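Pulled from TrEMBL, these are the features on record:
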- CYS322: active site (ACT_SITE)
- HIS381: active site (ACT_SITE)
- ASP404: active site (ACT_SITE)
- ASN444, ASP446, GLU493, GLU498: Ca(2+) binding site (BINDING)
- 1-13: compositional bias 'Basic and acidic residues' (COMPBIAS)
- 314-407: domain 'Transglutaminase-like' (DOMAIN)
- 1-34: region 'Disordered' (REGION)
Amino acid sequence: MSETRNTDEEKKKPPLNGRRALPSTNSNDEENEVPEMEAFGLIPRGFNPKDYLHVVDVHMFKEPYEINKQQHHTDKYYSPKLIVRRGQSFQIQIDFNRPYRPETDQFWLEYLIGRYPQQNKGTYIPILVGDVLKPGQWGAKITHKENNFIRLSIMSSATCIIGKFRLYVAVWTPFGIHRTHRNSATDTYILFNPWCQQDAVYLDAEEEREEYVLNDVGIVFHGNINDIKLRSWSYGQFEENVLDACLFLMDKAELELSGRGNPIKICRVASAVINSRDDNGVIAGSWDNTYTYGVAPSAWTGSVDILLEYYSSKQPVRYGQCWVFAGVFNTFLRCLGIPARLVTNYSSAHDNNANLQLDFFLDNEGQVDTKLTKDSVWNYHCWNEAWMTRPDLPVGFGGWQVVDGTPQETSDGMYRCGPASVQAIKHGHVCFQFDAPFVYAEVNSDIVYSRREKNGTQVIEKIDTTYIGQLIVTKEVGGDGMMEITEEYKFQEGSEEERLALETAVMYGVKKQTTQDTMYQPQTDVEMEFQVQKAVLGSDFKVTITFRNKSRNHYTATTYLSGNIVFYTGVTKNEFKKHSFSAKLEPTSSSAFDVVIKASEYLSDLLDQASFHFFVTARINETGKILAAQKATVLEIPALRIKTQGEMVAGKEMSVTVEFTNPLKQTLENVTLRLEGPGVLRTMKKEFRQIPMNSTLIWDVKCIPKRPGLRKLIASLNCDALRHVYGELNIQIQKP
């Protein structure tokens with residue numbers, strides 16, 4: 001036992017450090033001992049602090065219906081403690097043992113955070129009572145005095161640390177300072193304040209604050225550019241213990257307390273701690289379609305389960321992909337009061353060497369050589385935008401900032417990305433921190449198809465400048481529709497401004513390889529494109545390839561179609577369809593050719609997002625030139641149906657039914673259903689051993705909704721043969 005005693009002793013004594021008198025403080029959780037009686041010298045016998053002014057009780061007005069949470073827009077937090085936003089006044093009441101006499105009595109408040117509170121670090125805040133409150137600065141004034149109690153209005157600084165503070169009331173007596181004892185009921189959480197003009201996260205439109213701070217559900221856009229799909233995600237930033245879990249993330253990231261008033265620093269460290277690479281962060285990513293010992297990324301319906309599991313186990317939660325990282329990041333930001341939204345970039349470049357071009361290498365057949373090709377195009381990629389000023393950058397680069405928690409590339413030695421100013425990306429000013437060149441490449445890269453000749457020279461067959469970053473979207477404010485924000489990131493394709501932004505980015509060090517024009521002479525008098533028919537999972541569909549011969553020549557084209565099952569990240573799992581044919585192209589005319597894709601060809605290998613990627617390459621035999629096109633497509637996946645029965649009243653039991661019909665020509669095995677709805681029910685799970693083909697599963701659930709108003713139920717179904725099955729329902733919960 002001697003060992004454990006020893007370590008306890010060591011814990012009490014900070015380790016010696018030649019560089020600083022006190023150790024760094026990066027835990028909101030740790031506390032110091034505060035003396036109740038701080039004597040000035042010897043205390044005479046017979047001294048009783050109760051003979052002097054003495055605090056009997058402190059009232060925090062912390063109920064959701066009381067003034068503080070109402071005025072500070074924190075009434076939705078499912079927490080018994082006081083939660084306020086910085087730079088805005090709040091009220092408390094102090095009961096003394098006798099009436100307070102300002103002429104002779106002296107008391108003050110002390111707010112403390114962390115284990116080594118220091119005034120110059122903003123972790124020890126003494127507040128004297130004054131006559132006026134200065135906006136955005138710490139202060140207190142008496143607003144009401146009656147019998148033995150006083151009512152105080154307290155103003156916090158608009159730049160103060162975000163976190164959980166401990167409150168003490170200190171009273172001066174002739175022999176020493178007498179303090180209230182440690183009382184966790186008076187703990188006060190202080191958050192960012194988008195309603196306060198002096199706060200770095202101030203957002204001026206009320207409907208945007210309602211959406212980007214207070215909305216606890218959102219929409220994730222996925223699928224691909226030709227077939228946009230959407231699903232709901234429960235952020236749940238107000239649910240029980242979520243705020244504590246978010247504060248724990250900053251402790252985990254070891255962000256020093258004095259830096260926690262700065263949204264730039266918070267975003268930067270959070271983008272690293274959201275993923276588990278290199279710091280044992282919240283979510284372990286997995287893109288390989290095997291999710292043993294964990295939850296498949298597509299099965300999650302929201303962030304709450306993930307954050308609470310991490311908060312209790314302190315171990316990475318398995319598994320996530322980009323929308324899961326982005327969903328949890330969004331919860332973290334909104335919970336702390338930083339306005340945030342989840343953004344989807346369709347055809348997102350993952351460029352391994354940030355040279356603004358994705359290199360696709362073709363072999364002699366015109367097929368993509370998977371060994372040489374290292375870059376990939378993600379069908380879509382989700383990241384977040386957080387709203388804040390950027391005093392560290394020149395004027396004009398505040399506003400929306402890209403932050404990305406998905407581990408793609410390292411930044412300053414860790415897997416993290418951002419915050420990068422969207423405005424700087426648009427104008428090509430990628431010299432400004434953090435990680436702007438990487439995000440610029442995600443939305444602006446060119447795809448270069450090249451082929452190696454027998455003598456070893458590289459021949460460029462095609463350059464596609466418009467495929468990447470075709471569409472960037474987020475959920476609209478106040479509704480479930482889609483809002484396009486592509487023009488926030490880039491100028492119109494082909495415009496003069498776009499060229500200028502590119503030249504600026506290149507000047508600031510984004511690598512761009514020049515391609516010699518002599519080598520690249522495409523076939524201009526023949527055009528080729530192809531269409532993929534929309535299809536439901538489990539059915540046949542066709543691919544139609546169309547040639548337009550604009551010349552007066554007869555051409556023949558040796559055409560090759562390659563169908564690949566891909567992860568949504570554009571990485572190929574396998575080729576399931578090969579088809580080649582010779583196409584006769586008559587002068588000045590168009591011709592179309594159909595290739596049928598059978599369900600039996602793809603079903604056995606299908607991945608969880610039912611994504612395909614088709615390459616079509618055609619060699620014009622008369623000229624030897626190659627035409628190349630590629631397209632991603634996603635199958636329609638059947639949805640879950642959610643129904644409710646009877647009346648829906650807060651505090652009363654209601655029933656919910658989830659139904660699903662198996663569309664596949666096979667039995668589904670080991671099926672997991674999840675259902676959640678913030679304010680209505682905590683996540684529920686149910687396992688079904690089997691669902692035979694064409695049969696319908698029915699799951700009945702009883703729950704007691706907590707909060708009235710418009711709420712959303714979100715469900716998912718998951719099994720090895722079928723993933724990404726969702727359903728949702730908007731419901732109106734009545735007041736009791």
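The count begins at 1 with the first shown residue.
Heads up, the Cβ atoms here are built off N, Cα and C, so glycines get one too.
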Nonlocal neighbours by CB distance (under 8 Å) for ASP446 (Ca(2+) binding site), same chain, sequence gap 6 or more:
LEU356, GLN357, LEU358, ILE463, ASP464, THR465, ILE468
Can you tell me the CA-to-CA distance separating GLU493 (Ca(2+) binding site) and ASP404 (active site), as a whole number of Å?
25
Take the mean position of the Cβ atoms of ASN444, ASP446, GLU493, GLU498, the recorded Ca(2+) site. Which other residues of that chain put their Cβ within 8 Å of it?
THR465, THR466, ILE468, GLY469, LYS490, GLY494, LEU502
Sort the recorded positions CYS322, ASP404, ASN444, GLU498 by C-alpha distance from HIS381 (active site) and give me just the closest.
CYS322
Which of ASP404, GLU493, GLU498, the listed recorded positions, has fewest other Cβ atoms within 10 Å:
GLU493
Please list, in sequence order, the residues in the chain of ASN444 (Ca(2+) binding site) that are at least six apart in sequence and whose C-beta is under 8 Å away from its C-beta.
ALA349, LEU356, ILE468, GLY469, LYS490, LEU502, ALA505
Just counting, how many other CB atoms are there within 10 A of the CB of CYS322 (active site)?
27
Summarise the domain 'Transglutaminase-like' (314-407) by DSSP state, stating how many residues are helix, strand and coil.
15 helix, 41 strand, 38 coil
Other than its own, how many Cβ atoms are within 10 Å of the Cβ belonging to HIS381 (active site)?
28
Give me the Cα-Cα distance between ASP404 (active site) and CYS322 (active site), rounded to a whole Å.
9
